[in-house]
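Q: Pulled the feature table from Swiss-Prot, pasting it below:
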- Cys238-Cys240: disulfide bond (DISULFID)
- Cys271-Cys274: disulfide bond (DISULFID)
Amino acid sequence: MGDYIVKATAYEDNVLAFAALSKDTVNRAKEIHSLTPTACAALGRSLTAVAMMRTMMKGEKDKVTLVIKGDGPIGSIVVVSNFPGIVKGYVGNPFVDLPLSEKGKLDVGRAVGKKGYVTVIKDIGLKEPYIGTVEIQTGEIGDDIAYYFYTSEQIPSAVGLGVLVGKEGDVLTAGGFILQLLPDVKEEVILKLEKAIGQITSVTDLLRQGKTPEDILTSIFEEEEVKFLEKIPLKYECDCSQERFESAILALGKEEIQKLIKEEQGIETVCHFCGKKYFITRERLEELLKEAEN
């Protein structure tokens, strides 16, 4: 079974729900970045969350970026989704290795840190993107994204994210859910949802049991009718290219390109998201300079 996201409603369309299975997606990220288990859990949770957040957006060309910058040893976490069901990301320190937490879990909160900021950038094709920034709450990522939704978008939300890493470092399972109250919801629905969320042990436990995204939502809402609206395949994929790299060089302007021509025989860069290397020769830099001058 491949990775995918489901979108649904519950409580007579008063709650919007998303759930994802992201095992292969997270495993691909682990392979690309040589992630330790702790770094894998941190990036995996973030990838899963952003994949669901992109599903909330309506435009085909809409983009969402999540940046988590805490004071922990993992450094920054950056995840981008430019298309529905396609994500990419990286962490500042993929080799961070910490002891298990007091609960015997991978200590993502300590890796991320308790001080810092969560920033969400949504580009829906307007002149300026929407940028929302909130303080990190726990560093566990799920709590922090729920706090972002409530504080920055005024949407009460519950976010559950999980990544289970085996003893050999392989990703055994990964996934999560996001539940959001729609406007003007009745108090009784809020109480029902709070009770349902309170009964969830952990997303990882549900995934370990082999629950699908549909199963996860059905188990959360129990006897309530869940209307499944959409199913979207999910994968890790980078859309970098030589053209994009050259466009970034052009954006530097004439003076900077002239400096590069004087100081370098050529430029090599590595994509943060997939590790692919790109090279621009001195001759190509001179061509780009002519374009910049025109």
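Placed from the backbone N, Cα and C atoms, the Cβ positions cover glycine too.
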Q: Can you give me the Cα-Cα distance between Cys240 (disulfide bond) and Cys274 (disulfide bond) in Å, rounded to a whole number?
A: 8
Q: Compute the C-alpha separation of Cys238 (disulfide bond) from Cys274 (disulfide bond), stating it in Å without decimals.
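A: Computed Cα spacing between Cys238 (disulfide bond) and Cys274 (disulfide bond) is 6 Å.
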